[in-house]
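Down below is the structure, laid out as structure tokens.
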Amino acid sequence: MELGTKKMVDIAKKKEEEEEKNMDRRENEKRKKLGGLKTMPFILANEICDRFAGVGFHANLISYLTQQLNLPLVKASNTLTNFGGTASLTPLIGALIADSFAGRFWTILVGSIIYELGMISITVSALLPTLHPPPCPSQVNCKEASSSQLWALYAALLLTSIGTGGIRPCVVTFAADQFDMSKSSVASRGWNFFNWYYFSMGMATLTALTVVVYVQDNIGWGWGLGIPTIGMALSIIAFVFGSHLYKKLKPGGSPLVRLTQVIAAAVKKRKLVTPNDPGALYQNKDLDSLISVNGRLLHTDQFKFFDKAAIVTESEATDFMQPNLWNLATVHRVEELKSMIRLLPIWSAGILHVTASSHLGSFVIQQARSMDRHLSHSFQIPPASLSIFSISTMLFGLVLYERLLVPFVRRFTRNPSGLTCLQRMGVGYFVNIIATIVSALVEVKRKNAAARHNLLDDPKAILPISVFWLVPQYCLHGIADVFMSVGHLEFLYDQSPESMRSTAAALFWISSSIGNYIGTGLVTLVHSYTGREHNWLPDRNLNRGKLDYYYWLVTGIQVINLVYYIICAYFYTYKPLEEAKDEETEQSEDKIPYKRVNDSNKIGEVELGKNPETA
């Protein structure tokens with residue numbers, strides 16, 4: 001009787017195990033069906049509409065501040081760079097929320113809604129006469145916007161900044177999550193996801209610069225801000241509509257907490273001796289399963305101090321099922337910290353790239369406003385629309401890079417991507433220096449034209465010099481973005497731990513934030529210390545300024561930055577990754593109890609409490 005009961009229990013257990021396996025198999029099959037190219041129309045529709053709204057809102061904001069709110073040029077420029085800096089700082093908060101508990105889908109959705117509220121607020125403020133000062137066509141002795149009017153603007157900008165924090169760090173990583181981004185899969189594809197992502201964003205930007213800016217300058221700011229607001233609303237609808245198709249990765253817990261745990265454990269064990277065999281350090285696949293879906297990070301010899309966090313003491317070896325992570329970290333978690341430390345010097349070099357380009361949204365537009373912008377007798381280009389040359393060059397350059405340059409360079413480098421991310425970024429830095437040099441030379445030519453026609457003292461005069469002299473610098477900045485911006489984003493995504501990719505994308509925007517703040521500080525210092533009579537950056541009359549001197553200053557800073565970047569790139573070590581394998585592949589391999597040798601680096605990996613020498 002007891003034997004029969006035992007057999008029935010065994011049969012029931014086997015059935016339960018089989019049912020669990022079948023459920024897991026069905027879950028895996030369902031997960032495999034999610035994601036892919038079919039999700040891109042919905043995800044990219046969100047980002048395209050967001051970019052359309054954002055560019056349409058910000059591209060001509062210098063004109064709104066100087067022409068509608070009557071702010072001085074330097075004050076308006078600093079307002080823009082400060083706002084740009086804040087909008088690029090909030091993505092770190094959004095990334096931490098997404099990676100810690102909310103996930104990328106919900107972070108994007110909530111951020112989009114908050115952004116839309118900000119867009120509605122600023123559109124309403126543009127329509128209500130009480131929220132801006134009386135018109136001042138002469139731009140002489142104008143009444144500036146009052147404190148209350150400016151606070152209405154700042155409140156709207158703050159809402160868009162908070163919303164941006166949820167969108168920017170998550171959309172590109174959420175889109176990349178829909179594909180297999182392992183090195184073997186990326187190498188087998190004939191296209192680069194980041195190139196085509198930037199291409200889509202460029203098309204949205206180009207549309208905004210042509211349509212929205214024209215409406216703002218020729219029809220009015222109500223419609224000019226209303227159209228982007230409608231576009232943002234459409235982006236939210238498109239994103240939600242495709243929610244059932246998305247592959248939604250589970251957040252793996254706060255990355256900052258994990259990094260802090262590794263540091264704390266290493267400090268506590270600072271007096272212990274690190275074993276010569278890295279295989280004796282702590283490994284736990286189950287513990288790291290949520291944060292190493294695409295493969296665990298392998299041990300590296302850099303920053304060996306942090307390896308102490310993975311040393312297993314005698315007391316810890318007796319309780320290995322649920323270790324105290326403030327005292328003991330896995331090798332994968334230690335390598336997460338090392339990966340973030342390694343990429344920071346490369347990341348920081350991108351800050352001054354943003355500082356050098358920040359003048360495109362302020363000073364160059366004011367230069368364009370003083371030049372002949374006519375395409376025909378009755379039609380002239382809006383100043384802010386000149387950015388179409390930068391975006392068009394970037395779009396055309398991305399296609400040429402993907403279809404011509406990569407296949408050509410691949411013959412020599414034998415790299416599937418043609419150039420490495422680091423090489424690509426270096427080219428971008430160099431081209432950006434050339435762009436700033438051209439900016440200085442064109443400004444000299446513009447002021448010479450004003451001097452020849454005795455128009456130096458007329459801030460509203462249209463100089464007899466074509467606005468198309470500004471086009472070369474825009475095109476060069478577009479070429480620089482093909483190399484630097486795309487390469488920078490791809491580098492951060494590829495070299496960051498997979499559980500911190502939203503945080504890495506946030507770093508991309510934080511470099512923009514810091515770059516804009518440095519731009520604000522640089523402009524403020526130059527304006528404050530270059531005197532009143534011969535100020536480089538005057539408040540109203542750019543013809544009496546020395547903007548070319550400012551460009552030469554920025555050029556010198558960029559040269560120093562390029563030297564710094566080359567040194568950092570030379571010493572950089574790419575992260576080693578053990579790519580995840582399919583279940584069928586793992587089952588077919590011979591398994592060695594407690595110890596497994598990785599073919600890529602011949603380092604033995606030992607689970608906690610399973611010493612291969614005593615097993």
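In case you wondered, yes, glycine gets a Cβ from its N, Cα and C as well.
Heads up, TrEMBL stuff is auto-annotated, nobody curated it.
Copied from TrEMBL, the annotated features are:
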{"type": "COMPBIAS", "residues": "1-30", "note": "compositional bias 'Basic and acidic residues'"}
{"type": "REGION", "residues": "1-31", "note": "region 'Disordered'"}
{"type": "TRANSMEM", "residues": "105-131", "note": "transmembrane segment"}
{"type": "TRANSMEM", "residues": "151-175", "note": "transmembrane segment"}
{"type": "TRANSMEM", "residues": "196-215", "note": "transmembrane segment"}
{"type": "TRANSMEM", "residues": "221-241", "note": "transmembrane segment"}
{"type": "TRANSMEM", "residues": "384-401", "note": "transmembrane segment"}
{"type": "TRANSMEM", "residues": "422-442", "note": "transmembrane segment"}
{"type": "TRANSMEM", "residues": "504-529", "note": "transmembrane segment"}
{"type": "TRANSMEM", "residues": "549-572", "note": "transmembrane segment"}
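Here the transmembrane segment (196-215) lies next to the transmembrane segment (384-401) in space: the count of CB pairs under 8 Å, restricted to residues six or more apart, reaches at least 3. Each of 105-131, 151-175, 221-241, 384-401 was scored by its Cβ pairs under 8 Å to the transmembrane segment (504-529), and the highest score goes to 151-175. By the count of Cβ pairs under 8 Å, the stretch nearest in packing to the transmembrane segment (151-175) among 105-131, 221-241, 384-401 is 105-131.
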